[in-house]
Every structure is written in C-alpha cells, then in structure tokens.
Amino acid sequence: MARTKLGARSPLMEAAVGFALGAVGGCILGATEDPVDKTLSVMTAAGPLKPVVDEVGTVGALGLGTLIGATALTTAMTSAVAGVILAAAVASVFVGTQSRGTSHTGLWASAGLAGAFGTTVSGATLGVSIEWIVKNYGMVGLLWTLSIFAVLKPLLHFVFKRLWKQGEGCCTLGSKDWDSKKKHTEITELQHRQKVALQTEQRILTLEKGGSASGMENMSTWVTERRQRGEVEKRNMENEEAEMEQRTMQDWINTVVVKYVDFLAFSGIPMTVVAIVTSGFGVLGYGGHQSVFIVLLALVAVIAYLLLKSSDFKFWMLIGCMGMLATFVIAMLTLHAGQMVLTTAMKMRAAGQSQSRENIRAQMNHQSSLEALNAAFFAAKLCELGLGAAVGGPLVRRAAGEVKVIVGAALVAGGLLTGVEFLAPVLGDGGKAGALLGVVGAAGVSVGAAAAVAGRWSSWPGTLGTVAGLVIGALAMGKWHIVNIGLQVPVAYVFAMTNPF
C-alpha cells in the first residue's frame, strides 16, 4: 500500500486521529439509513405502489425491473453530476476573483455547499417529476421520458460545453488583476533600472571631472539599490507563483467539468438502451416470453464488450457498464420475485390449497413491483454514495485538507438531512426520496475522504484505526444494519480510490 505521510505522529496518535476521522464519515453514512428505510417503506405501501403494480402486465417483469432500475440510477447519476458542475462553477468564480494570498478554505467551503445543495435539489426535482409521470402516464410514460432524456443528453452536452467556455470570460476579473499587478511591477522595475543607470552616469561624470565619491555614500546607495532590487524580484516571484497556482486550479476545474459533462451525457445510454428494448418487448405483448431474457442477456454482453474493449477507456464507460449490470441484476430480482410466488402457489396446489389464477397473478405483480422498487432504490443509493466518494477521495489526495473535507461534508450532509425531514410534507414521497439520494451523495464525500485518508497514514495503526472508526460509526448510527453497511463501505472505498478527474 503506497502511503504519503499525514504528519509526524506516533502510531498510537495516528490510530486515534484516524479512528475519529473515520467515525465522523461512518456516523453520517449511518445517519442516512433510517430516513432512507422509512421513505422506501412509504413508497412500497399499497397506495403508492398501485400505479407500478398495474403496469407490470404492460411492460413485463423484466421490462419493469430494467425500467425502474434505469430510472433510479439515472436520477442518482444526474443529481450527482448536477452537484459537481454547480460546485465547479462556484469554484471557478471564486478562483477567478480571488486576490493573491487568499486562503483556499473559502473556495472549498463555497464549492462544497453549492455541490451538496445542487445534488439535493436536483434529486428532489427529479423525484417529484418521476412520481408525477408514473401517476399520470404510467410506466409507458416513464419509458418515453427516459428515452427522450437519453436522446437530449448528448445535445445538452454540446450546449453546456459551449456555455462553459463562454462563461469563463465572465470570471476573468482575477486575470485582469494579475495583468495590472504584473504591469505595475514591470513599470517599477523599469523605473528602478533607469534610476540606477542615471546614478551610474552621474558617478562617471564626477570621476571624469576629477571629483571623488564618498565611500560611505557609495555603500549606502549600493545597499539601498540592492534592497529595492530584492523587493522587486520578490514581488515578481510572488505574482508569478500566484498566477501559476490560479491557472493550475482553473485548469483542474475545467477538467472536472469536461469529464462530468461527458459522464452525464453518455453513462446512462447503456442501461437506457437495455430498458427500452426489454420494456418494448413488454409493450408489444411479449413481456413474459422466454426470448426476452435471452435478448436481455445478449444485449448486456454485447454492450459491455464494446465498452470494455475500447482503447480510450473513460470514467463514464466504467460507470455505464456498472449501471447496466446493476439494471440487469434488478431485472433478474424482479423476475425471480414473481417466480417465487408462482412456485409457492404450485406447492400449495399440490398440497390441496389451490388459488385462482387472478389471485396468483395479482400476487406476482405485487411482489415483482415491490422487489423492483427495493432493489432499484438500493442500487441508486449505492451509486450516489460511490459518486460522492469519487469526489471526496481525490479532494483529500489533492491536499484540500482531510479534516476539512471529512468534517465539512458530514456537517453539510447532516444539515441537508434535517432540512429534507422538515420539508418532507412539501416534497412528497418522490421528492423526499430524490432529496435523500442527494444527501447520501453528500455523505459519500465524507466517507470517500475518510477512505482515502485510511491509505495515506505512515503506519498500519493509522489505517486500521480509520477503517475501524468508519465501520463502527456507520453501524452504530445505522442501527447495526450489517448487510447494508457491509455493502456500502466497500463500494465507497473502491470509488474513493478512483481518479475520475
């Protein structure tokens, strides 16, 4: 394990500090468990679930699983990207207008608040929209919406890149400030050189006329000139370093924006294609046919092969493959839930307890819908957590300050969680679910930062202490949901170790 020292501390002190930092990230992750579970319980109650149950026969079990899975993952990805882009925009304005010597604390704080707020608001907006579409237009309406959104995203990708380039011109106040300072320094240096040249010429004329220069006067003049020259050179160096730092930061922000805009535009295409094909079979009346499973399996294999064999493999391709595979798993779980009901009914019939075909069909549809929503929401939560961790980990490695990132993200996530609970009556079920996904993303930044810190200690006690704090904090605040936490922590760690920037 490659390590970079986080300061000269004893192994015991590293373990204690690591445990504290890990516990902060773990506690905020665990704090999201209960609100998410309660929201999911409300969404899977008989009333809210009815529009989904009624549409199982329209799109088929596999189509329902892929459609709900793709929609949930698209919501998570879109809200996460919206937060990152908003944070990048705020950071770009901050960098463009900051003065020399300004601390980066304000930059990270402003960008973090903007990103977390943007993720939560966009998640709530998408959640409300999806709930309204399903209630009014059913799963077919959701299929059309998802298809249109997938087609529009590449166009939005092009438009946003153009707008971002034009927007950079609005953040050039800092560049103008650097230019004016540079010009002022150059004028000062030129005046100093002219003064030195004039003094040298006067000394030469004095010597030619037979005069003599005082030694003390020459020494005093030489010391003054040397001091002035040193001040000019120091100002030049400081201005150049500050300008270079600003340009480096702006280039990094531009790289982040480009990569995440690409991610938004293209990562959802694989799972959307899978959802459209399988749901299309259901709409055409072949939702329950065995060939749909074969087509789904072949489609997933072909798309995954084409993406993974790409010579220019990018971050969005990785997430696209993972999202598509998650959609496939959700579809399998949805189909399996219905098949389990059928198997139970056959066993009951063999035991002499027969049920009507309509009753069996209703139970199959209900169980399939229940499993689809549960699996899709959990997958979306994992996705949001992972994308948040993919931001927190690189921020720590970029020396943004591990304590600032971990504690700051945890505080912001806690504040947003309180706000979402307070606004729950206004948001509705869908809006609250989407907003909670955004909160999970903000918590993921803290968890990812803690995971990155675990690998940067100079001793194993620091690493083990951080991991222990992360796991224990998550379990304690998450009411000891061992399976859920046990799946989420490794996902956050893997994403925290990636470098999407």
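Including glycine, each Cβ sits where the backbone N, Cα and C put it.
TrEMBL labels come from automatic prediction, so no person has curated them.
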If TrEMBL is the reference, give me the range from 12-31, 372-391 marked as transmembrane segment.
12-31
Considering only Cβ pairs within less than 8 angstroms, which of the stretches 12-31, 67-95, 263-284, 290-308 has the most against the transmembrane segment (315-338)?
263-284
Is it the case that the transmembrane segment (434-454) and the transmembrane segment (263-284) have 3 or more CB pairs under 8 Å, with pairs at least 6 apart in sequence?
no
Would the transmembrane segment (263-284) and the transmembrane segment (12-31) count as touching if the test is at least 3 Cβ pairs under 8 Å, pairs 6 or more apart?
no
Any residues 6+ beyond the ends of the transmembrane segment (290-308) with a Cβ under 8 Å from its own?
60, 62-63, 66, 270, 273-274, 277-278, 281-282, 317, 320-321, 324-325, 328, 331, 335
